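Participant: Swiss-Prot lists these features:
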| type | residues | note |
| --- | --- | --- |
| MOD_RES | MET1 | N-acetylmethionine |
| MOD_RES | LYS40 | N6-succinyllysine |
| MOD_RES | LYS57 | N6-succinyllysine |
| ACT_SITE | HIS327 | active site, proton acceptor |
| MOD_RES | LYS406 | N6-acetyllysine |
| MOD_RES | LYS406 | N6-succinyllysine |
| BINDING | LYS406, LYS410, GLU411, GLU412, ALA413, LEU414, HIS415, PRO416, ASP417 | CoA binding site |
| BINDING | TYR439, THR441, THR452 | (R)-carnitine binding site |
Amino acid sequence: MENQLTKSVEERTFQYQDSLPSLPVPALEESLKKYLESVKPFANEDEYKKTEEIVQKFQEGAGKRLHQKLLERARGKRNWLEEWWLNVAYLDVRIPSQLNVNFVGPCPHFEHYWPAREGTQLERGSMMLWHNLNYWQLLRREKLPVHKSGNTPLDMNQFRMLFSTCKVPGITRDSIMNYFKTESEGHCPTHIAVLCRGRAFVFDVLHEGCLITPPELLRQLTYIHKKCSNEPVGPSIAALTSEERTRWAKAREYLISLDPENLTLLEKIQTSLFVYSIEDSSPHATPEEYSQVFEMLLGGDPSVRWGDKSYNLISFANGIFGCCCDHAPYDAMVMVNIAHYVDERVLETEGRWKGSEKVRDIPLPEELVFTVDEKILNDVSQAKAQHLKAASDLQIAASTFTSFGKKLTKEEALHPDTFIQLALQLAYYRLHGRPGCCYETAMTRYFYHGRTETVRSCTVEAVRWCQSMQDPSASLLERQQKMLEAFAKHNKMMKDCSHGKGFDRHLLGLLLIAKEEGLPVPELFEDPLFSRSGGGGNFVLSTSLVGYLRVQGVVVPMVHNGYGFFYHIRDDRFVVACSSWRSCPETDAEKLVQMIFHAFHDMIQLMNTAHL
């Protein structure tokens, strides 16, 4: 990835889009076989027998018919899932998306040239903006290298959704507005929006056809910051984006009915490249401990976040940065890519601007002054209170395991991602005394507009291994053998899922066909084992590998009694971030992370002692 980012290439970013294969529909029999295997850890014999009968009936009856209809749909679309997934996973969801759906992550610059330091916010911010805008230009010019797996190009469509993209709330379903264009496609917006102390501003990032420089960006930021510091706090319209979706949709309609100019102002935020947030708070952040950064990124002041924007770049008063992104238009790997690019530039320049200090005579930022009334101001304070109350329930444990990392697991011929997934299974098993149904993201970008598939990490093999680790009579060799079986199973599942042979999205497709056709919901989806094994968004462990770079992220748990678990892998360490809800008496993110680190040691020890 690193050299892919920086080498200059002839290939254009989006040149392979039209030649990517369509997303396949797996064989029904295969999907159902895999589904049955995945429910086994959560069933006793009688329950499993009953589910087996339900699956058999489905395969020969309703499932067969629905599968045929799904194949018909797939014949007419290059990606049969895309529109459905967007609607079901994101746009139809009514709970507040800023806290519950968005993903956040700190920028890793505090590990090197930019440790937390008061008084650095605006100057560092001007350089952050500059590097981000350079990335935007690379994308506009299609100079961003195509991601590949070996020599196979991967789908790059999600990168179109990074800039000038915004979700717009609807009464029953939201929509996504995307205004980005490459240079060859024509003009697109060239302004950014800045939120500070409840007020909103916009300014253009091009002057006479060139990007404005860090000294010029600093002048714009200083103007905004000074103005907001010396005058009363603004109406905080942005806080409405943290509301329940239908409430926000109604508040937005009302806001526009107050004054049509309000729509023009909303559209300036929607079309902006991204939103830059100037925060007054200073989260504690060291390379070893930065849980507070995550908590503030997800749960911080909603009046300086536009929750629906695909990219909020957030700056804190102590010069720490992070992002808060709407998950609907793209997956986290897009943000990982730009965050890594910016971090590399900060390293290269030692965090300083070494160019001209000249500031041209560029127009000052324009404030977006909304027409508001008592009702809107009440809606805003209700939204703020709702968001801050819900966010106070969130616990995030961000920790770094430094005893070893990828280098050692590779030496033992263990895949580092699988290593972490199995450690999580063992930790959950030890902490809760039962297996935990688990969702790990696999990417399906080999296919046209491919996004993700579910790897169900809690396998029969993983559970057998966990049991052997807790069984004092099991020998080291037996434990090691069971662990290696669990590794092999996980690696195969990950490969299958990435190549379009998962089953969760397939089952979702069959359910949605039934709904669209007005048919009864098949028994398979109403079977208690369907949800107990994670189906229908019920995974107690919602997890993802963030990558092999310095970038980290987190999302809230999928269910109230669950965990979100996100991690990245380096040669000498594993960096993890775990989320849980404080109001759930049985979960504790801190404890789970400690147990995972304990499991890392046990697993490596198992490999070492079993060699003897």
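Cβ atoms are placed via backbone N, Cα and C, with glycine included.
Small disclaimer: the values here were computed from a predicted structure and weren't measured.
Give me the lay of the land around each of these features.
Facilitator: Long-range Cβ neighbours of LYS40 (N6-succinyllysine) (same chain, at least 6 residues apart, Cβ-Cβ under 8 Å): TYR48, VAL460.
Under a cutoff of 8 A between CB atoms, and with a sequence separation of 6+ in the same chain, the neighbours of LYS57 (N6-succinyllysine) are GLU523.
DSSP gives HIS327 (active site, proton acceptor) a coil state; it is part of no helix or strand. Less than 8 angstroms from the CB of HIS327 (active site, proton acceptor) sit TYR90, SER97, VAL101, ASN102, PHE103, VAL555, each of them six or more residues away in the same chain.
LYS406 (N6-acetyllysine) falls within a helical segment according to DSSP.
Within the same chain, residues at least six positions away from LYS406 (N6-acetyllysine) with a Cβ under 8 Å of its Cβ are PRO416, TYR548, ILE569, ARG570, ASP571.
Secondary structure from DSSP puts HIS415 (CoA binding site) in coil. Within the same chain, the residues at least 6 positions away from HIS415 (CoA binding site) whose Cβ sits under 8 Å from its Cβ are THR409, PHE487, HIS490, ASN491, listed in sequence order.
In sequence order, ASP331, THR441, ALA442, MET443, THR444 make up the list of same-chain residues 6 or more apart from THR452 ((R)-carnitine binding site) whose Cβ falls under 8 Å from its Cβ.
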Participant: Quick check: which same-chain residues outside LYS406, LYS410, GLU411, GLU412, ALA413, LEU414, HIS415, PRO416, ASP417 lie with their CB within 8 A of the centre of the CoA site CB atoms?
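Facilitator: The surrounding set, listed in chain order, is LEU408, THR409, PHE419.
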Participant: Give the sequence-ordered list of residues that share a chain with ALA413 (CoA binding site), lie 6 or more positions from it, and have CB atoms under 8 Å from its CB.
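Facilitator: Sequence-distant Cβ neighbours: none.
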Participant: Taking only same-chain residues 6+ apart in sequence, whose CB is under 8 Å from that of TYR439 ((R)-carnitine binding site), what do you get?
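Facilitator: Expected: THR454, VAL455, ARG456, SER457, GLY534, PHE539, LEU541, SER542, THR543, MET558.
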Participant: Hey, which of the binding-site residues GLU411, ASP417 is the loneliest by Cβ count within 10 Å?
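Facilitator: Relative to the other binding-site residues in GLU411, ASP417, GLU411 has the fewest Cβ atoms within 10 Å.
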Participant: Test of understanding: give the count of other CB atoms lying within 10 angstroms of the CB of THR441 ((R)-carnitine binding site).
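Facilitator: The Cβ of THR441 ((R)-carnitine binding site) has 20 Cβ neighbours within 10 Å.
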